[in-house]
Amino acid sequence: MALMTMVQALNRALDEEMAKDPRVVVLGEDVGKRGGVFLVTEGLLQKYGPDRVMDTPLSEAAIVGAALGMAAHGLRPVAEIQFADYIFPGFDQLVSQVAKLRYRSGGQFTAPLVVRMPSGGGVRGGHHHSQSPEAHFVHTAGLKVVAVSTPYDAKGLLKAAIRDEDPVVFLEPKRLYRSVKEEVPEEDYTLSIGKAALRREGKDLTLIGYGTVMPEVLQAAAELAKAGVSAEVLDLRTLMPWDYEAVMNSVAKTGRVVLVSDAPRHASFVSEVAATIAEDLLDMLLAPPIRVTGFDTPYPYAQDKLYLPTVTRILNAAKRALDY
């Protein structure tokens, strides 16, 4: 075991997979000489050379399109988009081509590639460096979507994504890149895509989150415990496919659920989970599902931490559910 930040865990995952499998290549803006804008790919160019670690032009369309071509010819590319906000110029390649290759070829071709994206706010990045666009990806059939919150999960799930036969959008909470450290196995391991993590057991209320907001979710659960409320905490980790069984089992047990995300509220991913809970567990709910999200505005430069779900907002939502 070694104490790692998320950046270090991601770097270790890439290094190990490149050493293990010569088909794994990395491409993106500044991923080579610079080591990536957040230094996730630091040292890989020196170790594996420019044929496997490729600096690209500033063109998301070209990055995703090139990754698809590489995947179709037998490589396993890991493409980096510097910020999730910048993926939109690459949407034609990602949505129209990458996501649909297996389906439109009748399974003759697959697209085993990963598109890594630093996502979310809390770093005073403003409206072009703070968005959480996961709803676009989960709505696109053919993509798997991962959203990690810990170094342990980051390493295990990135390795699983690289080995997956289908395209994976890998969302990394930039706010947690260096603010969280934990012990991470130095040996090889993977985690299952599609499986949530039970972070805390409880019986009175379920709190569900992923990615950027998980520190606030866990802190809210700790505050509720001081007040005698036993909150169960689920970290989804994967948004497509999301862990239906874990969510339903937890909410059926507690009868109350608060869903937390830093994405805008309208048509958010947690809205889909809330709707599914309401449809399938209506007769077991003691209160309606409650969402705590970002706001339906562009992400602000000033006071960006007030845009994020706060512990106070989560506690207020929990109180509404408990008092219903």
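Cβ coordinates are placed from backbone N, Cα and C, and glycine is handled just like the others.
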Looking at Swiss-Prot, which one out of E17, E29 binds thiamine diphosphate in the same site as L58, S59, E60, Q82, Y86, I87, F88, P89?
E29
Please state which member of H73, H129 Swiss-Prot lists alongside F83, A84, D85, Y86 for binding substrate.
H129
Using a 10 Å radius around each Cβ and counting other Cβ atoms from all shown chains, which of the binding-site residues S59, Q82 yields the largest count?
Q82
Remaining residues near the recorded thiamine diphosphate site, that is with C-beta within 8 Å of the centroid of the site residues E29, L58, S59, E60, Q82, Y86, I87, F88, P89
A61, I63, I81, G90
Specify the count of other C-beta atoms within 10 Å of the C-beta of H129 (active site, proton acceptor).
20
Pairwise Cα distance for D85 (substrate binding site)/E29 (thiamine diphosphate binding site) [Å, integer]
14
Given a separation of at least six residues and a C-beta threshold under 8 Å, show me what packs close to I87 (thiamine diphosphate binding site) in the same chain.
E60, V64, I81, L94, V115, M117, P133
Counting across all protein chains shown, how many other Cβ atoms sit within 10 Å of the Cβ of A84 (substrate binding site)?
25
